[in-house]
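J.: So Swiss-Prot has the following annotated:
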BINDING   Arg7, Thr8, Asp9, Tyr10, Lys65, Tyr122, Arg126, Ser130, Arg189, Leu190, His191  substrate binding site
BINDING   Arg60, Ile61, Val62, Leu63, Ile64, Lys65, Phe75, Thr76, Arg81, Lys82, Gln139, Ser140, Trp183, Arg193  FMN binding site
Amino acid sequence: MSIADIRTDYAQADLSETDTAADPVTQFAKWFDEALHAEVPEPNAMGVSTVGENGRPSSRIVLIKDFDQRGFTWFTNYDSRKGRELEKNPYAALLFHWIALEREVRIEGRVERVSAEESEQYFQSRPVKSRLSAIASAQSAPIADRAALEAQYAKVEAQHGDSTPRPPHWGGYRLQPEYVEFWQGRRSRLHDRIAYTLQKDGQWTRQRLQP
């Protein structure tokens, strides 16, 4: 079979303006809850896209750890590529793709670091081996081989044991949404797209987009 011949005709659900909430965070919470109940694999996995000083984008999958009216929060190494790019250009795009429900959510906005207290609280809630990995890994930096990486981990484990201080270069980011789009697959590629845009007065406008 040719790659060009691979296609699915989506028919599970529809999405109308009257079905959606007045604000996108409430609507996202509804869809996220439905993804959980549908047992979608890792519904908290999202693509995070950033842009470097050279104007070139980069993307990776990250796990969201919280969301509320303040924004969408994840944690990472501030010295990683995404961290360095966000320091220079504090805007990002998030993408959730729940293929089992034929749904997608795109979120764009400005990104800020969360407080040190919030980062500390989450870091200490992680499994100890995850905390050790965060200390041992200089994320995005080259390394000779797997053995060298495991040696770094073993050294950190011997040094800290279960007492794992949060590294100063590790913490959270929160994206404050300015644009959110909900996509529902439909038959014949006539998909439903409902977009929310944040206005200067803090209110959200909502409109349907052509597929």
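Cβ atoms are placed via backbone N, Cα and C, with glycine included.
Could you place the listed features in the three-dimensional structure?
T.: Counting every protein chain shown, 18 other Cβ atoms lie within 10 Å of the Cβ of His191 (substrate binding site). The secondary structure of His191 (substrate binding site), as reduced to three states from DSSP, is coil rather than helix or strand.
Counting only same-chain residues at least 6 apart in sequence, those with a Cβ under 8 Å from the Cβ of Lys65 (substrate binding site) are Asn44, Thr73, Trp74, Phe75, Tyr122, Gly172. Under DSSP, Lys65 (substrate binding site) is assigned to coil, being neither helix nor strand in the three-state scheme.
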J.: Among residues Arg7, Thr8, Asp9, Tyr10, Lys65, Tyr122, Arg126, Ser130, Arg189, Leu190, His191 annotated as binding substrate, what is the maximum Cα-Cα distance? Answer in Å.
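T.: Max span of the substrate binding residues, Cα based, is 43 Å.
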J.: To the nearest whole angstrom, what is the C-alpha distance linking Arg60 (FMN binding site) and Asp9 (substrate binding site)?
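T.: Checking the Cα atoms of Arg60 (FMN binding site) and Asp9 (substrate binding site) gives a distance of 27 Å.
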J.: Is it possible to get the count of other C-beta atoms within 10 angstroms of the C-beta of Arg60 (FMN binding site)?
T.: 14
J.: State the Cα to Cα distance, in Å, between His191 (substrate binding site) and Trp183 (FMN binding site), rounded to an integer.
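T.: Taking the Cα atoms only, His191 (substrate binding site) lies 7 Å from Trp183 (FMN binding site).
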J.: Measuring Cα to Cα, how far is Arg189 (substrate binding site) from Ile64 (FMN binding site) in Å?
T.: 29
J.: When the Cα of Val62 (FMN binding site) is compared with the Cα of each of the binding-site residues Arg7, Asp9, Arg126, which one is closest?
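T.: If we rank Arg7, Asp9, Arg126 by Cα distance to Val62 (FMN binding site), first place goes to Arg126.
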